[in-house]
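K.L.:
Sharing a structure, written as C-alpha cells. Questions coming.
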Amino acid sequence: MVDPIYVEVADMFLKRYKDYVINLFKEPVPLNRVQKLLQENKFAGELFDMSNRLCTMYENGTWHSQVLETLDLDKIYANVDMMPLEDDSQYSDNLVKELLRYFKQDFFTWCNKPVCKSCGASGDDINGAAIQAPTNEEAKFNCGSVEVYHCQKCNSEVRFPRYNDPIKLLETRTGRCGEWCNLFTLVLKSFGLESRYIWNREDHVWCEYYSPYLKRWIHVDSCEQSFDEPFIYSKNWNKSMSYCIGFWRYGVVDVSKRYILQNQLPRDIIKEDDLQFLCHALTKRLRTGLSDDESYKMYCRDDLEQLELNPSATPTKEMQKLKISKTGNKGRISGSAEWKESRGENGK
C-alpha cells in the first residue's frame with residue numbers, strides 16, 4: 001500500500017504542474033512579433049489566412065445536419081455494428097473506417113475529366129482544358145476557377161467548376177483531392193469526430209482524426225480510403241514534400257515529421273523557430289475561452305504528440321505497440337496515370 005504522504009506529495013506536484021501549464025496559456029501572445037512576421041514573411045501570411053478559414057469553417061451545425069440528412073446512415077451504422085470491437089472507445093475508429101469506405105465506394109467520385117451533361121460522353125471524348133473565371137452562379141459556391149473542356153461527340157462545352165463550398169460538393173459528389181478532403185472533413189465533423197484538415201505545400205490535402213482508442217491523431221485520406229498510413233505519400237507515392245500543416249478548431253500544428261519520411265524538400269521559406277512561434281500563437285488564439293481543465297487537457301495531448309513527432313524521443317510501450325508496417329500498394333490509387341505522373345505521385 002502506498003504511503004498517503006507520497007500520494008499527497010504527488011498530488012501537490014501535479015497541481016503545481018497543471019497551474020504552470022494553465023498560466024502559460026494565459027500569458028499574452030507578443031502581438032508585435034506576430035505582426036512583424038506576417039508583414040515580412042509571405043508563407044506566414046498564407047498560414048495565417050488558412051487558419052482563419054480552415055479552423056472555423058467546419059463548425060457549422062446547419063451543415064452538419066445537411067450532411068447527416070444526405071448520407072445513408074442506416075447503411076453506415078449497420079456496417080459499423082458488424083465490425084469487431086475490442087473496447088467501447090474503438091467504436092469511433094470503426095466508424096471512421098466505414099465512413100472512408102462509404103465515401104469512396106458509394107458516395108463520392110473522382111473526376112479526371114467531367115462528363116458531358118448534354119450527351120453523357122466521358123474520357124477520351126472530352127478534350128481541353130482551358131481555365132476560366134466562374135459565372136455568377138458558380139461563384140455563389142466559392143468557386144475560384146473553372147476548367148472548360150470540349151465534347152467531341154456533341155460539340156458542347158463541358159465545365160468543371162472547382163467548388164470550395166462543401167455543401168455544394170454534397171450535391172455534385174465529384175472532384176479531386178481538394179474537393180474530397182473538403183467534404184470529408186465536414187463529414188467527420190458532422191459525426192461529432194475531432195478532425196484536422198492537413199495541408200501539404202506540394203499540392204495535396206488530407207485529414208486527421210483524434211482516436212480516443214489509440215489516444216493519438218490518426219492519418220485519414222478519403223481519396224485512398226486510407227486509415228493510419230502516414231507513410232504512403234513519401235514511401236508508396238515517392239512524393240517529395242516540405243511542409244505539412246494541420247488546422248483544426250483548437251490549433252495549428254506542423255505535422256511534417258509524421259509524413260515526410262524521405263524525399264524531404266528544403267524548408268527554407270520561414271525560420272523553424274518562427275514557424276513554431278506562429279503555430280503556437282495561432283493555437284493560443286483559438287483556445288481563448290477554454291476552461292482551465294480544457295486548456296490543460298489540450299496541452300497534455302499536444303505534449304504527447306510532440307513526443308511522437310520527435311524522432312529522437314524514446315518510444316513508449318504504447319508507441320511501439322502502435323508501429324505500423326511501411327508497406328502497401330506502390331503509387332497512388334486515385335487519379336489517372338498521366339495526372340499522377342505529372343505530380344510525382346506514381347511511386348517511381
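Cβ coordinates come from backbone N, Cα and C, glycine included.
Checked Swiss-Prot, it gives:
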type     : residues               : note
BINDING  : C116, C119, C151, C154 : Zn(2+) binding site
ACT_SITE : C177                   : active site, nucleophile
ACT_SITE : H204                   : active site
ACT_SITE : D221                   : active site
BINDING  : E224                   : substrate binding site
REGION   : 311-348                : region 'Disordered'
COMPBIAS : 338-348                : compositional bias 'Basic and acidic residues'
K.L.:
When you rank C154, C177, H204 by Cα distance to the residue listed as 'substrate binding site', which of the recorded positions ends up on top as the closest?
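P.N.:
Checking each of C154, C177, H204 against the residue listed as 'substrate binding site', the shortest Cα distance is to C177.
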K.L.:
Out of C151, C154, C177, D221, the recorded positions in the record, which is closest to H204 (active site) when you go by Cα distance?
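P.N.:
Given the candidates C151, C154, C177, D221, the nearest one is C177.
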K.L.:
Going by DSSP, give the three-state secondary structure for C119 (Zn(2+) binding site).
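P.N.:
Reduced to three states, the DSSP call for C119 (Zn(2+) binding site) is coil.
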K.L.:
Give the sequence-ordered list of residues that share a chain with C151 (Zn(2+) binding site), lie 6 or more positions from it, and have CB atoms under 8 Å from its CB.
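P.N.:
The answer is C116, S118, C119, A121, D125, I126, E157, V158.
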K.L.:
Taking the Cα atoms as reference points, how far is C154 (Zn(2+) binding site) from C177 (active site, nucleophile) in Å?
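P.N.:
A Cα-Cα distance of 29 Å.
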K.L.:
I want to check the contact list for D221 (active site): same chain, sequence separation of six or more, C-beta distance under 8 angstroms. What comes out?
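P.N.:
The answer is W206, C207, E229, I232.
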K.L.:
Compute the centroid of the Cβ atoms of C116, C119, C151, C154, then list the same-chain residues not in that set whose Cβ lies within 8 Å of it, in sequence order, for the Zn(2+) site.
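P.N.:
Residues close to the Zn(2+) site, other than C116, C119, C151, C154: K117, S118, G120, A121, D125, Q152, K153, N155, S156, V158.
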K.L.:
Mind checking which of C154, C177 has the fewest other CB atoms within 10 A of its CB? They're the recorded positions.
P.N.:
C154
